[in-house]
Amino acid sequence: MPELTPVQEYYKGKTIFITGASGFMGKVLLEKLLYSCHELKEIIMICRPKRGKTPESRLEDMFKLPIFQRIKEERPHVLKKVTIYQGDVTYEMLGLSGENLKHVCDNTNIVFHMAATLKLEGNLKDAIDMNLAGTRRALDVAKQMKNLEAFVHLSTAFCNCDQEVMYEKVYDFPHKPEDLMRLAEWMDLKTLENITPDLLKPHPNTYTYSKRLAELFIRDHYETMPVIIARPSIVSPSAYEPVPGWVDNLNGPTGLMVGAGKGVIRSMLIDTSHKSEVIPVDYAINGLVVIPYEFCTKPRPEEIPIYNITCAEKRKVPWGIVIELSKKIGYQYPMETGLWYPDGCITTNRLHHQLNVILFHWLPAYFIDFILFLLGQKRFMIRVQNRVQIGLGVLQFFTMRAWNFKSKAYELLWENLSEEDKIIFNMNMDTVDNIEEYMISCIQGGRQYLMKESPDTLPKARRQLKFMYLLDRTCKAVFLGLLCYWTYNFVRPLCQKNIMEEKNLNQTSSPQIVKKSLSPAAYEPLRGWVDNLNGPTGLMIGCGKGVIRSVLVDENNKSEVIPVDYAINGLIVIPYEFNKGKRPAEVPVYNITNAEHRKMLGGTVIEMSKRINKEYPFNAGLWYPNPTVTTNKLYHQFNVLMFHWLPAYFLDFLMLIFGQKRFMVKIQNKIATGLEVLQFFTLHPWSFKSDNYGALWKNLTPKDKEIFNMNMDPKETEEEYLISCAKGARLFILKEKLEDLPKARLHMKIQYVVDKVCKTLIVVTPAFQEPLPGWVDNLNGPTGVMIGAGKGVIRSMLCNGELKSEVIPVDIAINGLIVIPYYVNQLKERPTHLPIFNLTVHESQKRTWKWVMDKGREYAEKYPFEVGLWYPDGNMTNNKYYHWFCVVMFMWLPAVLVDCLLTLFRQRRFMVRVQKRIATGLEVLQFFTTRAWDFKSNNFRELQKLLTEEEKKIFKINTEDIDDSDYLRSCILGGRQYVVKEPLCTLPKARVQLRCMYVLDRVCKTIICCYFAYWLIKKLGVMDFINDVFG
């Protein structure tokens, strides 16, 4: 039998008590003691039942792990030296009692207290109970141990994280451990969580905080006991013992390594210049085993000995090298079935990191869980991402700062060991082992012991990695291509615009005849003659037809246009004048422009054109001619998008459905080009000197002046000329006869009613009491919204839910109207000012729109409408773009589809017509629902004081005692009975229909999503590839 080393001799015949032996470090400690200190007498460990397994069953399962393989092969008898008791550090006396407690107290020589909650993100109550109070309970048991030689308390090197340099001593802290233990006992969890952030400062988590308090508690209360504090840094997989790369949890760097290898972690917040503070678990455990030997063989120190179990300075590797090596090795030994190609981003920029997390962590997680939900599979990705984010949030505290540990006492342990012990209990961090080899064993250990992926699966994993690489690069190439395409299409028009503006400017200033925008003829050959849509003519017709809804014009600039016949006469006279006298030394230039006093302001032209377009309208315009005139380019672009392009695409979509030729988008392309060119002239002021051109007129004979009229001074008014332009456009371009003007004016009046009159809305709601509760006979205002939403027709509403609703029951308003004349008549003197009464409800009765909508949904489910179009499940938003998207997708498209089906079945179409009315109503209503209103109704309140008690009952105008919930209920029931003519007896039937609609709604949504997923998978050819790779 070989001779025992000094450390082995020390442990000979010893009984060791371990808490937390089922943890990562606890398992390695148990194995090391059994294998290397096999002459010990007994190891007692406590363990609690878990997942229906008794402590004995858990111990049997533990011995089946690979780390105990060498014991089974070489010294299987030592396994019988392990005694396990049911116990828990959260119970007094560790849950031990009777014979079990007596056995522990009578026989134990050495205690390793390793039990702790390692949840860095855990709540403070649990951390104090396990890490602080649990230490107190373990020490209370240790006090009763008759033969106790050493009590090793496992802490953490990061428990004093507020120190720049961390020495091997206990640092003071303002908080008293006793106070925190009492606090955790009586304070409820929610309140404790609220104050936890303030308590923890400067600690990043509850783990380091509670471990620091535990050290203080030991120092202050157990200084007479043989207590030793051991502080390991971040513990990583084993280097050599019991097997290379052993690890059994995802805490710390191991979780990062596996998460990145699986493609789940795509971004990490790490300062690559700082050195990593990790130590292999076997080095740390060897240190723990040696510490009691050192403590008991040397004179007892005056203070509690503390050991910072950290890596040697020479062995500390910068995080940048660790990351690069991990990537390199991860490609050589990839994980199976990763989520994506492992190619994350390492950064110190928190904003960049958060953006990456949203785009590459959360969005894929939600997408995958959504697909799993549609396929009826168990969802897990969001749950995984929650854990990943918590882990990353905790870990970044350690990876974003430099740490400076002083480990003199720990280093002396190695120096004091015999050569034999140095071989068995290796903890020398100075040996120049290959870092790359250690990391290879870490990754292989993660594959084998955590992911349960045997080395045989490596070829398959490497094929999968190649596939993931191709897929990753393809997706990135497609994305970048789309981005470049979008950027090119966005920038090109701007570049072309600048080139065009420069070209136009050069042409304007070049030595040639300057031709400004030509307008229709004033007199010759026919009044108003024009044959194209260029320049002002196209603008006039586009606005008159309601096609152009927004123009960029500076109304303060003068318009630079000249009738075509004036310009032509000038062109004819110029050669005559040129050849009449002596040839000039320079090229003669003539600016053919209007006379200065005949130039109208842009604003005057616009207003005059609007008025003339209404007097002489064009036939069958698209919409009422009332364009927006602005100098704000952003506002103009918004109007163009909303009122040019969207209607154009919608009309062409309808044309496509009805098999007609599409033309609106093509027209809008031409209009957009024309407006872009024209705005160069309408947004800039122009100043032309036309002395040469003015001299032409003076040099003509009276006879020539009659024939070649180019005098800008005749007294014909500008309005008369614009009228002739409008008539000319009708006759010569649109081919619309003047006899059709009465018909066009009638059409204009109809458009005016649609555009203006239909927008008139009084926010008066159904009756409160009189003549019947909930009485209403129209769909105006909130009643229409309520019924439209209840029928499933209205799917989106633009409304700020935080604003208060301004509505008043119709009978309250009518009573107020009746009382007002009486009140005015009772006044002693006639008022000097016109009396005005704001008929509004009392301030205390005004509810937010959100409350109204939520309550309305509640009652709509209790009292549903019959035969709705769809399940009433719309949304309320104050985002205009999202609202318009919902309106197009869930209101207009279904309306067009329903009308198409009705056409196929030769039924009367109505849905598009209904949607038009709804769109008009919603557009009007959003004015009231998206802004706050503040009415002062003092005069209306005074009416109440004038009335007698009997009159107050007859003419109720007091709104303070109205029950809002009951009133809203009567409104919905009134809408059912009096507007849609659905008696209350139909409610049972309506409820059955509502349930059916609910099921149909969910089924349709599921089918659409499944079909989309199936189509996507089929298009990508994923299934074929998977069959080829895995089949």
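Here the Cβ of each residue, glycine as well, is placed from N, Cα and C on the backbone.
Among the features that TrEMBL reports, domain 'Thioester reductase (TE)' is placed at 18-286 (among others).
Residues or ranges marked as transmembrane segment in TrEMBL: 355-375 (among others).
According to TrEMBL, the domain 'Fatty acyl-CoA reductase C-terminal' annotation covers 360-453 (among others).
TrEMBL lists 521-569 (among others) with the feature domain 'Thioester reductase (TE)'. Across all of the domain 'Thioester reductase (TE)' (521-569), the predicted model scores a mean pLDDT of 74.
Long-range contacts of the transmembrane segment (638-658) within the same chain, counting only residues at least 6 positions beyond its ends with a Cβ under 8 Å from a Cβ of the stretch, are 547-550, 622, 628, 630, 664-665, 667-668, 671-672, 675, 884, 888, 892, 896, 900. The transmembrane segment annotation in TrEMBL covers 638-658 (among others).
Summarising the annotation, TrEMBL assigns domain 'Fatty acyl-CoA reductase C-terminal' to 643-736 (among others).
The domain 'Thioester reductase (TE)' annotation in TrEMBL covers 763-815 (among others).
Annotation comment: TrEMBL describes 881-905 (among others) as transmembrane segment.
According to TrEMBL, the domain 'Fatty acyl-CoA reductase C-terminal' annotation covers 890-982 (among others).
Marked as transmembrane segment by TrEMBL: 999-1017 (among others). For the transmembrane segment (999-1017), the list of distant contacts is 370-371, 374-375, 870-871, 873, 1023: same-chain residues at least six beyond its ends, Cβ to Cβ under 8 Å.
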Positions whose Cβ lies under 8 angstroms from the transmembrane segment (355-375), at least six residues beyond its ends:
264-267, 339-340, 345, 347, 381-382, 384-385, 388-389, 1006, 1009-1010, 1013
